[in-house]
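Here's what TrEMBL has on this protein:
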DOMAIN    7-188  domain 'Thiamine phosphate synthase/TenI'
BINDING   Gln37, Tyr38, Arg39, Asn40, Lys41, Asn69, Ser108, Lys138  4-amino-2-methyl-5-(diphosphooxymethyl)pyrimidine binding site
BINDING   Asp70, Asp89  Mg(2+) binding site
Amino acid sequence: MKGYRGLYLITPDQETDPRELARQVAAAIRGGARLVQYRNKGENVARRAAQAAALLQVCRAAAIPLIINDDVELAVQLGADGVHLGRDDADPASVRARLGPDALIGVSCYASLALAQAAQYHGASYVAFGSVFPSPTKPRAVRAAPELLASASRTLRIPVVAIGGITPQNGGRLIAAGAHMLAVVTGVFAQPDLAAAARAYASLFPDGDPLDEPIP
Ligand SMILES: Cc1ncc(COP(=O)(O)OP(=O)(O)O)c(N)n1
Ligand SMILES: Cc1nc(C(=O)O)sc1CCOP(=O)(O)O
Ligand SMILES: [Mg+2]
């Protein structure tokens with residue numbers, strides 16, 4: 001997953017109409033989102049499948065990868081680009097075996113560099129640390145110090161994602177610390193103009209096409 005830098009958009013955990021959700025995500029992609037995660041913890045299987053399918057269309061049209069949170073079967077059924085796994089989800093090694101070498105597999109590491117090293121060893125494509133700030137989406141999340149991003153980006157070979165309460169105001173300091181991607185829900189989806197909100201994050205990253213810049 002070399003070269004990935006920029007805004008990592010995560011959908012809000014809501015029963016939004018699939019076409020409306022697709023419209024919102026398309027606007028954020030126009031604003032500069034580089035990776036999209038479909039995250040809906042709801043029980044409505046049909047709604048989840050419909051939302052994810054609508055997002056896949058939008059992402060394919062823009063050549064942006066779509067990651068599915070938690071649900072490996074949905075990712076397989078849909079032909080999505082990958083999955084994001086946390087401590088309550090399947091283990092990265094078995095998911096890598098199931099999805100093959102090209103799948104994008106993200107792993108939540110909370111505040112633990114040891115978890116990140118293990119995830120990399122077991123085939124993770126990227127690791128995520130958080131919450132780096134208090135998160136409106138997940139107020140009870142474990143907190144991870146931004147300084148952890150520096151040791152992670154120094155010692156790992158895969159991209160480092162920061163998540164939790166990230167705004168255009170506090171995001172720059174995370175990039176300076178070593179984050180390759182900023183994962184955001186509220187900072188984009190709670191704004192009236194999603195393209196402008198995404199642009200505010202995208203502009204925190206160095207100039208040029210972030211996908212052209214290999215991660216050292
Ligand atoms: C990019 C990214 N980072 C962290 C998470 C959180 O994953 P997890 O701990 O499994 O919690 P849920 O999102 O499943 O509630 C994420 N989804 N994406
Ligand atoms: C899904 C998720 N995981 C987190 C973690 O810390 O692992 S924080 C989070 C929600 C991020 O949303 P917002 O941008 O609204 O804070
Ligand atoms: Mg999970």
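Glycine is treated like the rest: Cβ placed from N, Cα and C.
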Listed in sequence order, the binding-site residues from Tyr38, Asn40, Ser108, Lys138 whose CB sits under 6 Å from ligand 1 are Ser108
The answer for which binding-site residues (Gln37, Tyr38, Arg39, Asn40, Lys138) have a CB under 6 A from ligand 3 is none
Least Cβ-packed of the binding-site residues Gln37, Asn69 (other Cβ atoms within 10 Å) is Asn69
Distance filter, Cβ under 6 Å of ligand 2; input binding-site residues Tyr38, Asn40, Asp70, Ser108, Lys138; output Ser108, Lys138
Asp89 (Mg(2+) binding site) falls, by three-state DSSP, under coil
Tyr38 (4-amino-2-methyl-5-(diphosphooxymethyl)pyrimidine binding site) to Asp70 (Mg(2+) binding site), Cα to Cα, whole Å, comes out at 9
Asp70 (Mg(2+) binding site) sits from Arg39 (4-amino-2-methyl-5-(diphosphooxymethyl)pyrimidine binding site) (Cα to Cα, rounded, in Å) at a distance of 8
If you count the other CB atoms within 10 A of the CB of Tyr38 (4-amino-2-methyl-5-(diphosphooxymethyl)pyrimidine binding site), including all protein chains displayed, you should get 29
Same chain, |i - j| six or more, Cβ under 8 Å of Lys138 (4-amino-2-methyl-5-(diphosphooxymethyl)pyrimidine binding site); the result in sequence order is Ser131, Gly164
